[in-house]
Amino acid sequence: MLYIWIVTLIYMLLGNALDAHATDTTYLTVTFICITAILLSFALMVGYTEFFLIIFASFLARLGLLLMDLYRPDIFEIPHSGTDTENFYATGLLVADDLSLLGESIYGGTYSQMLGLLFNVYGDDRLFVQYLNIMLAITAILIVIKIFRMIGVPHRAQLILVLLMAFFPHSLIFSSILLRESIISLLVVLSLYFFVRWFTYKERSGAIMSVVLLLTAAAFHSAIIGVLLGYLFGFIFYKHDKQSFRFTVTSVVPFSIFGLLMTYILVFPGIVMGLPLFNKFQQVMDNNETLYGAITASRGDTAYLTGLEVNNLFQVALFSPIKVIYFISSPMPWDVRNFEDMVSFFLDGAFYLLTLILFIRNFETIRRRPLLGILLLGIMAGWLIFGLGISNAGTALRHRFKFFYIIIVALGVLMSKGRK
């Protein structure tokens, strides 16, 4: 995939060079798609032979959805394509025309600013930027396969999980329309890849890169930083020589301090509102007078738990499990309004709910596979942060996908050999 991204950079420079002579880069983009498709097929045949048909078929399916979204929405309107995608596109064009907006608070934040830079360099070509989303998703899948190989996931299990990644309905959708889920997911997967390198080979550089990449992902959406709790747990408690966790006073104290600090930030988010990394917390609090208001806020047609009242920290703790379950599963069967809601539950929410049940049933496996414990802690921390701040099924569906690849890797660890 490295060669494909080098070709991408070359085409961006070509688009910039041709901008003075022709404003329409459609034909240039079509050649880019054809060349990268050929390069992808070669890359799959050489390094991922057993998964060639699965991944390339997934690539073609995503490309088909992209073309349908851009050119034939009258035939089939892609779910989740609409208000947000059009606003991202419009804001990106504004940034492209006025780069001073890179320093301003705008709709879509970092993602719209990134789109603006792409449009400024390559030109106003939505086909190009949406196609990049597909390449980001395929790259994420290939990196997960590399992680599988590092931790010794059996081939049969790899095949099942790759099939799931390749054709998971909302993976296909989110990578084919103009949403930020693909870039966030790739950054999280890259971060996880380097963390696993630290875990497996004790690479210090891997530890550093895992944190840097996760913080970069958090720049697109602050709440993803919950995964960092799992990483820090691993850094502090996992001992490579023992291949297990070791809890001592010198290790428990710093982790406890960090945990208290994170809790304090969640309860009193005003102390970090000025930091760019916590821009999403700022947006949530701007719409609510208090933390409790943010937890019980309900907007939109797919709002859930609308009658919930939270007035103190005890109630926050009491209702947190319910909020998390709704976050990962909604729209719940009893809240289904139409056929689309039913499909969303059975093809998306049911998956996350079943994985939660699977992880709980195999909780004792954590002692034999510490990596699983680290991943689950990061997933649960992230789910908690998102769950507390979200009370809308449509929003929850998009945000829980940010943990999709971590969950896939955790399932791989559960199926892996040895003490990984």
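Cβ atoms are placed via backbone N, Cα and C, with glycine included.
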Per TrEMBL record, range annotated transmembrane segment [choices 37-58, 257-278]: 257-278
From 3-20, 399-416, the residue range that TrEMBL assigns the feature transmembrane segment: 399-416
Stretch contact, the transmembrane segment (372-393) with the transmembrane segment (212-237), Cβ-Cβ under 8 Å, 3+ pairs: yes
Stretch contact, the transmembrane segment (342-360) with the transmembrane segment (159-177), Cβ-Cβ under 8 Å, 3+ pairs: yes
Closest-packing stretch to the transmembrane segment (183-200), where packing means Cβ pairs under 8 Å, from 128-147, 159-177, 399-416: 128-147
For the transmembrane segment (128-147), sequence-distant contacts whose Cβ falls under 8 Å of one of its Cβ atoms, 6 or more beyond its ends: 1, 4-5, 8, 15, 25, 29, 32-33, 36, 40, 47-48, 51, 55, 58-59, 62-63, 66, 69-70, 92, 115, 118-119, 122, 158, 161-162, 165-166, 171, 174-179, 182-183, 185-186, 189-190, 192-193, 196, 405, 408-409, 412
Surrounding residues of the transmembrane segment (399-416) on its own chain - C-beta under 8 Å, 6+ positions past either end: 140, 144, 147-148, 151-154, 157-158, 161, 164-165, 168, 170-171, 174, 181, 184-185, 188-189, 192, 196, 221, 223-224, 227, 327-328, 352, 355, 358-359, 362, 365, 369, 371-372, 375-376, 378-379, 382-383, 386, 390
